[in-house]
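According to TrEMBL, the features are:
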- 34-72: region 'Disordered' (REGION)
- 36-55: compositional bias 'Basic and acidic residues' (COMPBIAS)
- 209-230: transmembrane segment (TRANSMEM)
- 210-420: domain 'Cation efflux protein transmembrane' (DOMAIN)
- 277-301: transmembrane segment (TRANSMEM)
- 313-334: transmembrane segment (TRANSMEM)
- 368-388: transmembrane segment (TRANSMEM)
- 394-413: transmembrane segment (TRANSMEM)
Amino acid sequence: GWQASMKAGSLSYIIPCNRLPVQLMSQVRVYTSNGQKKDLGSEGKSESTPEETLHKVGTGRQDTSSAGQKPSFLKEPIQVKVKAVLKKREYGPKYTQNNFITGVRAINEFCLKSSDLDQLRKIKRRSPHDDTETFTVYLRSDVEAKSLEVWGSPEALARERKRRKEAEIKYRENLFRNQRLLREYKEFFGNTKPRSSAAAMFFKGPGKVVMVAICINGLNFFFKLLAWVYTGSASMFSEAIHSLADTCNQALLALGISQSARTPDPSHPYGFTNMRYIASLISGVGIFMMGAGLSWYHGIIGLLHPHPIESLLWAYCILAGSLVSEGATLLVAINEIRRSARAKGLSFYQYVVQSRDPSTNVVLLEDAAAVLSVAVAATCMGLTSLTGNPYYDSVGSLGVGTLLGTVSAFLIYTNTEALLGRSIQPEQLQRLTELLESDPVVRAIHDVKATDMGMSKVRFKAEVDFDGRVVTRSYLEKQDIEQLLQEIQQVKTLEELEAFMLKHGENIIDTLGAEVDRLEKDLKQRNPDVRHVDLEIL
């Protein structure tokens, strides 16, 4: 069995063996974070010098011929390396001593004045915004101490925060009331302000197409309604309902365009561009319910209860005028889509199917359906005039309803896909991936996602494995190597080593952040549609 004997300051083990019992003796030394060394050896022994790293190990053989003879040991020196370890710091669950805070947050959250911040330490940091390179921040601990100095106690600071919160709520209520009064004033005296950017959107691009469609479809609805009242034709009634549905839906599109131009706010940090898709989706549902539903209903009623139709001369004239006006609106929408598709490098079909511009797509499909429905209605009304059979007219109403239902189903599908957040084209994603992988600072990228947020806005996300050696070399290239070498040679104690590593470690982290900013800028330059880039560091 094993036999163990303990001595003061030393640990020895007797290892039984058939030939030689071996005795191992060692001393334990502990280094603290301040560089001091504690020797746990025996008190009777002389203390070793700091440079001494030799532990004595003895080996011997016991003579079995004489029982009273003590075993002899042959001692040989063995060199052992001693590992110095810094003491681990406990930061606690909430550590904010090194947190930075901007001047605006310091004033708002700690109820300070700008003059109070002049006495605090100012630190220049790399700016997270593209328009500025650096900006000034303050240590949160300094700001908290200054707020206690100004207000006297945390309770007084809490009371001031509550008072300011109540004042802010009251200010917002007064602002809402003043805006309402200003709106009433403008309605009474007239608005003499220059045209806003939201209003200017309706004089070019998709806004212009929608406004032209609203005017033309409104006139078509009025004349078709008169023709239906005069003739009683089911097909003419379907055409009138079709024009009314188009007018209402395009008014809804105009509302979506105006809402999409709103600037982002804290509640909607990515803006309101999806309002166009939401308006187009509701428009598709409206076409289905109002246009297709009423057309089917009137067609079925005509089949169940047929009645003779009056003179169709005026109906033909109104249909001809509607064909010309709807065709003109259709040409405006086609030209706008061609221009936009050419700018994006897409074909006409790809631009429509991908719903790049939902407002123009709705106008295009509605006008295309209107032209076809005019042809269907005119054909069925002509057959009714020739044969005297009113069933043809009712069948025409069912055909117009079916055409509207097909258009509405396509609009609902494409806009739903856009709102769900679909990925960009594989070729476009491959170009972005190759740009990252070809950069020397990147080892690999994982979990790449590129989401089309709508209206030519892409959000790109990837987890990036950075090469720490390249980042460090990029930092060293900006340093004075001779001065850095002198700093290294002056390091003698653990405290100096810790200060040296902390200083340059923080600078290397800043260099890594600058590399991330550079990659994000390159991605946006390579693909202008990329508006938001999230690179996560592995």
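All residue numbers here begin at 1 and follow the chain in the order shown.
Cβ from N, Cα, C; glycine included.
Here the transmembrane segment (313-334) lies next to the transmembrane segment (209-230) in space: the count of CB pairs under 8 Å, restricted to residues six or more apart, reaches at least 3. Listed as Cβ neighbours of the transmembrane segment (209-230) (distance under 8 Å, sequence separation of 6 or more from its ends, same chain) are residues 202-203, 236-237, 239-240, 243-244, 246-247, 250-251, 253-254, 257, 310, 314-315, 318-319, 321-322, 325-326, 328-329, 332-333, 336, 359-360, 363, 366-367, 370. Remote same-chain partners of the transmembrane segment (394-413), defined as residues 6 or more beyond its termini with a Cβ less than 8 Å from a stretch Cβ, comprise 234-235, 237-239, 242, 245, 280-281, 283-285, 287-288, 291-296, 298-303, 306, 361-362, 365-366, 368-369, 372-373, 376-377, 379-381.
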